[in-house]
Amino acid sequence: MQEVGVDPEKNDFLQPSDSEVQTWMAKAFDMAVEALENGEVPVGCLMVYNNEIIGKGRNEVNETKNATRHAEMVALDQVLDWCRLREKDCKEVCEQTVLYVTVEPCIMCAAALRLLRIPFVVYGCKNERFGGCGSVLDVSSDHLPHTGTSFKCIAGYRAEEAVEMLKTFYKQENPNAPKPKVRKDSINPQDGAAVIQVMRGPPDEETETIAHLS
């Protein structure tokens, strides 16, 4: 595992032990498997406060048709509910909470973690396309005034397993993807070229353009 965004003077008492990482990440991977079995991108997340899970989630993007329902956002909503029900100060609770997730949080989720002042994140594999903890942007540790506080990451726990689950998902046919359509107006009668746009997933995912020449 690799430490990212280390601040030795900040919240070292929250540094999870190896046994804690093993225990909580095992449960996060169980959530990721559940996501995969339900046709979602296999990401699972737990939020642990005083050795208690106060929020957990898996991706629910396809189920809810809402591109923001990432595992971390689902778990954060549960944390807010947990605090309200117990009349706890959410800010104080979040400052004592560790987040465990199977894939590096995206830029959106990393920004939410900053705003809520989550001090520690443990994650599995990197998110090379959307990662907010160093892979694309370093939302976790960059100096960003008025955006909450930076947080420390421990990266790489069971990373290969997390990657394999992602590969399994993307090899499957996405039932929510629109059917490929031929753009008739793009046919050039002179060279017979037709352009086909194929949507591989929801609108927030990649659009691949395939050019076919006769």
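Along the chain as shown, the residues are counted starting at 1.
Including glycine, each Cβ sits where the backbone N, Cα and C put it.
Sequence annotations record features per position, and here Swiss-Prot assigns active site, proton donor to Glu72 based on similarity to another entry. When Cβ atoms from all protein chains are considered, those within 10 Å of Glu72 (active site, proton donor) total 27, not counting its own.
The annotation Zn(2+) binding site is assigned in Swiss-Prot to His70, Cys106, Cys109. Contacts of His70 (Zn(2+) binding site) defined by a Cβ separation under 8 A and a same-chain sequence distance of 6+ are given as Val43, Gly57, Asn59, Val61, Pro105, Cys106, Met108, Cys109, in order along the sequence.
The domain 'CMP/dCMP-type deaminase' annotation in Swiss-Prot covers 19-144, and the record cites sequence analysis as its basis. Taking H, G and I as helix, E and B as strand and the rest as coil, DSSP gives the domain 'CMP/dCMP-type deaminase' (19-144) the counts 52 helix, 30 strand, 44 coil.
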